[in-house]
């Protein structure tokens with residue numbers, strides 16, 4: 001073999017090898033990032049892209065085409081954007097970033113504005129988003145620079161990846177052998193067209209009668225209240241800095257004629273009780289008061305007809321998808337939908353004190369110790 | 001710009017290569033050289049352009065001093081040549097000292113005198129340790145009248161030539177300049193290109209696929225875990241030992257491969273160091289150009305082994321102590337350097353006494369010494385080093401996987417436990433052990449890349465081997481990480 005031949009052959013093999021693997025990854029697309037090729041029994045049943053939440057969100061948003069944002073934590077992620085579309089007539093994207101604080105929500109909000117003409121924001125604001133000690137997820141941190149500099153997200157690195165190749169092979173093996181794909185997926189999955197967190201595993205388990213709801217609720221409460229540093233309410237301290245980010249979003253919407261609806265997503269009654277038992281209720285009241293100073297909002301928290309029934313939830317925090325119409329009907333004042341009277345209270349700076357007094361009376365005794373003990 | 005990045009492999013390198021040879025082909029050799037300088041400085045500035053003025057100042061200053069030194073005798077200058085050299089060396093060391101060691105000295109000053117002098121928090125200019133050493137060598141060579149006269153463009157190419165600029169190998173003026181001057185090197189040499197691509201592919205694979213894999217376990221063990229049991233601690237230290245080897249030698253391979261594309265032969269920097277049978281042998285095989293620099297410009301000027309035996313020991317020790325400090329402004333580096341200095345002193349004493357040791361035992365001791373001393377080299381804090389070392393001797397903290405408890409339950413009476421979490425602190429699993437085992441086999445029993453390059457044949461086998469290395473590496477570039485020696 002001569003020198004030129006060697007170089008040429010080397011180059012050709014590399015080009016063919018890289019192209020083949022990248023094309024394979026693009027076609028198999030286990031996360032549903034492009035959804036271009038559907039091969040029945042091979043790649044149609046996608047796995048959860050929960051582990052690439054931020055990538056998925058910014059990659060989808062950077063293609064544009066949305067006029068409504070559902071902003072907030074994972075609690076807004078489980079709401080169905082199609083229901084919002086019915087009221088606003090546009091194209092909504094669910095920008096629910098799990099356990100996010102308001103600075104993250106602000107960055108994502110500005111990122112979405114860069115590539116879309118946003119006219120409406122439905123903001124589900126959470127107590128957890130104001131915890132000074134809330135840990136920020138590493139996947140978001142990896143993308144933070146890109147989000148802040150408003151750079152478009154491409155997925156080339158997912159396709160041009162040997163790691164993806166191996167995982168796609170495993171994914172195909174699962175599909176072909178008829179094994180349960182849920183074994184390789186997380187409990188939530190984003191729907192590519194609108195970013196909603198759809199709890200497919202829960203849905204399947206519910207259908208099969210294997211959903212252990214008590215356990216899910218308990219595990220979730222541990223993730224919030226357990227004493228570990230990475231728990232959501234760990235050493236809860238209300239952050240004025242995070243409040244400023246919330247203010248910025250509200251101000252931005254007002255200044256740019258973006259219609260804004262703010263609400264506090266519903267949580268299971270036990271979760272609400274546990275906030276009191278954990279000694280965070282003063283902080284909780286402070287949080288609601290501060291929000292009321294900035295904007296009116298609909299408060300779905302507390303003990304009410306919906307929150308008292310655990311079967312309405314997937315765990316302690318996430319309301320089931322089928323309740324989206326009820327929540328949105330209250331937010332958009334749709335009287336044609338039957339909404340329990342005690343579900344969703346309009347809170348303003350005038351009635352916030354009375355509302356909080358009422359909330360305090362709703363608190364029921366709750367034994368928080370098992371959550372703390374099991375976690376340490 | 002990193003060698004292991006998309007922008008370097010697919011944009012910078014091809015453009016630089018083709019433009020450079022196109023200009024040479026058009027007989028615009030000076031323009032081609034100028035372009036190479038521009039490309040190298042662009043490569044350097046990619047990280048942060050604020051570093052650029054400093055390197056240019058350093059190049060200009062050393063060039064002027066070097067020329068004065070080289071022309072001193074010819075021009076019968078009235079000033080002292082030695083004084084001029086001293087000024088030159090002082091300037092280089094001051095630059096290095098200011099940027100690299102200011103905060104280290106202030107921190108220690110504050111500690112000793114209980115004062116509160118604020119730290120400067122200076123950003124360490126990229127590659128300052130490397131280009132400073134390279135230029136000190138140039139000044140000394142000029143003082144010894146061992147350099148020929150070259151113009152500023154030539155000198156800038158010598159310092160800034162991008163394959164070796166960031167992390168070595170540390171090159172000599174005398175071995176580089178004739179290559180840049182050689183007219184035959186200005187024409188594309190397809191054998192060199194094939195060989196360069198072959199070596200580059202090995203280096204890229206070493207860095208991306210192997211070193212970065214070991215990095216995960218090393219980082220978990222050193223930086224994340226709070227305690228380590230015996231197996232975890234050994235896994236951590238060995239992971240770093242392999243990570244450093246594959247990272248640094250991978251970088252050097254890439255540098256050698258890229259330089260070959262331009263018909264420049266960089267010196268060998270690694271020769272299977274973990275096969276060394278003594279500590280002296282190790283330093284003849286590890287970062288060979290640094291060892292050469294330390295020997296020629298520190299150990300020998302200190303007196304080398306020409307004075308008394310005690311002085312020889314002292315010179316050895318001082319050389320390695322300073323070598324340790326050169327690697328980083330921290331007491332862990334000083335201690336690491338001292339450990340190696342001490343080991344070399346013991347080795348010399350051993351040899352002088354006429355004692356002998358079986359090569360296998362020598363290898364075993366050397367490898368383990370190197371492995372243990374890397375713990376200090378890697379640890380960010382003393383406590384981290386102690387944590388890992390404590391784990392390595394924690395014979396009461398041995399755990400095997402529960403799956404083995406059935407067959408090996410008799411070990412329990414020797415204090416060995418079985419746990420589901422036997423390697424959980426470093427997030428290792430069964431596959432990790434296969435990696436570790438394979439890594440060790442590769443460094444102990446396989447030919448190194450330079451040996452492979454020596455036997456390089458233009459065949460389908462080597463083309464396929466290299467192509468597979470490229471494919472896997474290119475498809476792993478999405479987890480780009482910096483080279484360890486960038487920090488030193």
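Just so you know, glycine gets a Cβ as well, placed from its N, Cα and C.
TrEMBL entries are annotated by machine, without manual review.
Fair warning: this is a prediction, and the values are worked out from it, not measured in the lab.
Feature annotation from TrEMBL assigns transmembrane segment to B:6-23, B:35-63, B:83-99, B:119-140, B:152-171, B:191-210, B:316-339, B:359-377, B:389-406, B:426-446, B:458-477.
Among the recorded stretches B:6-23, B:35-63, B:191-210, B:426-446, the one sharing the largest number of Cβ pairs closer than 8 Å with the transmembrane segment (B:458-477) is B:191-210. Put simply, of B:359-377, B:389-406, B:426-446, the stretch with the most CB pairs closer than 8 A to the transmembrane segment (B:316-339) is B:359-377. Under the criterion of 3 or more C-beta pairs below 8 Å, with sequence separation of 6 or more, the transmembrane segment (B:152-171) and the transmembrane segment (B:119-140) qualify as touching. The largest share of C-beta pairs under 8 angstroms with the transmembrane segment (B:119-140) comes from B:35-63, of the ranges B:6-23, B:35-63, B:191-210, B:359-377. Panel annotation: around the transmembrane segment (B:6-23), residues 29, 31-32, 35-36, 39, 42-43, 162, 186-188, 258, 261-262, 474, 477 of the same chain, lying at least six beyond its termini, place a Cβ under 8 Å from a Cβ of the stretch. Counting same-chain residues at least six beyond the ends of the transmembrane segment (B:389-406), those with a Cβ under 8 angstroms from any Cβ of the stretch are 227-234, 236-237, 372, 375, 415-422.
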